[in-house]
Amino acid sequence: MPELSVQGLNADSRALGAGEAFFALPGSSVHGDRFAADAAARGAAIMVSDRAPDSDPGLPVIVVDDVRAAYARAAARAHALQPSVAVAVTGTNGKTSVAAFTRQIWEATGRPAASLGTLGVETAQGLVPGALTTPDSLTLHRDLQGLASRGIQHVALEASSHGLDQRRLDGMSFEAVAFTNLSRDHLDYHPDMASYRNAKLRLFTDLLRPGGTAVVNLDDAEAGAFCAAAEARGARIAGIGREGSFFSFETVENEGYGQRISGRLAGRPVSFHLPLTGAFQVHNALTALALAMATGVAAEDGLAALPELKGAKGRLELVGQHNGAAVFVDYSHKPVALETALLALRPYASGQLHLVFGAGGDRDRGKRPMMGEVAVRLADRVIVTDDNPRTEDAASIRAEILAAAPGAREIGDRREAIGAAVATLQPGDVLLVAGKGHEDYQIIGTTKHHFSDHEVVAEAIRS
Ligand SMILES: CC(=O)N[C@H]1[C@@H](OP(=O)(O)OP(=O)(O)OC[C@H]2O[C@@H](n3ccc(=O)[nH]c3=O)[C@H](O)[C@@H]2O)O[C@H](CO)[C@@H](O)[C@@H]1O[C@H](C)C(=O)N[C@@H](C)C(=O)N[C@H](CCC(=O)O)C(=O)O
Ligand SMILES: Nc1ncnc2c1ncn2[C@@H]1O[C@H](COP(=O)(O)OP(=O)(O)OP(=O)(O)O)[C@@H](O)[C@H]1O
Ligand SMILES: N[C@H](CCC[C@H](N)C(=O)O)C(=O)O
Ligand SMILES: [Mg+2]
């Protein structure tokens with residue numbers, strides 16, 4: 001083949017520019033090579049695929065083994081300017097929080113930083129919302145180049161199991177990585193828990209810089225697999241837990257809606273206040289501290305930043321008070337997250353603990369009865385409502401939850417459900433509105449309607 005000069009790349013034929021390389025990805029609904037003719041018509045210089053096309057596509061083709069990985073690496077190479085320090089966090093719960101806290105610790109210690117994930121791209125200048133938790137490789141490297149050109153040298157990424165499985169991060173090498181925990185999610189995409197876990201393990205086995213740092217929550221049942229992967233990579237392991245080498249816990253006590261933590265940091269006794277609700281946030285904050293320290297933050301400086309941390313939007317966030325009761329919004333849309341949030345709030349409910357929640361459509365159905373069971377076991381008054389039904393029948397989603405939640409009320413309309421819960425609050429009660437966290441929309445069918453739990457709670461309290 002003669003030498004070809006390529007101007008750029010894309011995996012979506014509809015967005016290709018003339019002279020660019022078209023990467024034909026094996027999608028979940030269609031193989032990208034079906035759009036070869038479209039790519040050729042738009043002037044693509046070449047197609048890269050993992051299989052030879054059936055007929056002449058009208059442009060030169062390179063066949064590679066793993067076209068998603070090739071796409072990710074090409075996207076990285078095409079955007080040479082990159083932040084010098086990148087870390088990433090994986091796990092079923094806590095990624096957004098850990099990424100946000102890592103960014104805040106870097107900022108507090110004089111390092112302009114960004115976090116990239118479910119919320120979007122966040123810097124000291126604000127938040128630019130995004131579409132995916134782990135962005136598509138091209139979007140990712142464009143964003144990273146943009147950040148580097150603004151002088152941001154420190155970035156913390158969320159590595160989702162979809163993102164890892166689809167090689168979206170394969171163009172990166174991380175100075176430090178972290179594992180928070182593993183529990184059920186996304187079994188609509190991964191065939192079983194083992195493949196879900198193995199997708200997450202790729203962050204440790206393939207993307208951590210050899211000799212880098214691996215932060216591991218030792219209290220999780222899957223910690224062993226992540227430690228073994230880190231060791232095989234020649235990584236330094238920073239363990240957090242009852243017996244952690246980085247941080248070992250002694251006591252965690254509630255202080256108002258925050259908490260005081262005492263323990264040993266690398267063997268040295270320390271005690272600090274964390275202005276966040278829920279013991280799980282202590283793990284998240286320490287994971288962030290370990291990531292920050294693995295990238296040059298001094299222990300003293302990092303510790304000094306913890307009492308100033310702000311929770312990510314909609315992560316067990318106190319959003320209002322009504323009639324002597326407290327109202328929280330939380331992004332728990334998985335069984336363990338819901339359980340964690342309810343257990344965290346129970347000590348604050350001298351009266352009853354109320355819950356309003358639902359489950360997303362076109363997502364793992366097995367989560368629904370599990371969440372129903374958790375709800376009636378741990379809350380006193382439960383209303384099952386709609387989350388994002390997407391293209392499923394909303395009433396059927398509720399029915400799948402309700403089958404495992406005897407005694408729960410059913411109010412499909414989320415605004416009405418929140419209103420009904422707020423209206424019954426008594427002094428000493430706590431209400432948790434779960435599932436949508438920061439989201440400012442509700443997806444019904446394929447339409448996104450504006451909807452914010454924050455706004456609807458405020459409305460309900462006002463009226
Ligand atoms: C299941 C899944 O992850 N799908 C992602 C995947 O799409 P896909 O491989 O299924 O794409 P496809 O529709 O089969 O098309 C195959 C290829 O043909 C191309 N195409 C298609 C049409 C056309 O005219 N021309 C063309 O070239 C497409 O651009 C694609 O490259 O690759 C796309 C491009 O990167 C993603 O946008 C898309 O995310 C969808 C929208 C999605 O909802 N993903 C969710 C489930 C997800 O990834 N979530 C995780 C975890 C969330 C969390 O736990 O926080 C996340 O990281 O966000
Ligand atoms: N370390 C943790 N252990 C258990 N539950 C947690 C932990 N951190 C957060 N949670 C729960 O999970 C919810 C989501 O937290 P967060 O957004 O930080 O996680 P995530 O991994 O980014 O989730 P997602 O994959 O949905 O984006 C929180 O609202 C809380 O209910
Ligand atoms: N990134 C997650 C978000 C789920 C949020 C929840 N509100 C829902 O719609 O299920 C997913 O796409 O599975
Ligand atoms: Mg997230």
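Glycine too: its Cβ is placed from the backbone N, Cα and C atoms.
Small disclaimer: the values here were computed from a predicted structure and weren't measured.
Feature annotation (TrEMBL): of 211-214, 251-254, 363-366, 387-390, the stretch labelled motif 'Meso-diaminopimelate recognition motif' is 387-390. Spatially, by CA atoms, the recorded positions K200, R363, D387, N388, P389 include one closest to G94 (ATP binding site), and that is K200.
Within the same chain, residues at least six positions away from G435 (meso-2,6-diaminopimelate binding site) with a Cβ under 8 Å of its Cβ are D330, Y331, S332, H333, F357, G358, A359, G360, D387. Across the fold, the C-alpha of E439 (meso-2,6-diaminopimelate binding site) and the C-alpha of T92 (ATP binding site) stand 18 Å from each other. Under 6 Å, Cβ to nearest atom of ligand 3: this is the test, and of the binding-site residues T96, D387, G435 it is passed by D387, G435. For P389 (meso-2,6-diaminopimelate binding site), the count of additional Cβ atoms within 10 Å of its Cβ stands at 22 [all protein chains shown].
DSSP gives E439 (meso-2,6-diaminopimelate binding site) a coil state; it is part of no helix or strand.
Taking the C-alpha positions, the distance from T92 (ATP binding site) to N388 (meso-2,6-diaminopimelate binding site) comes to 20 Å.
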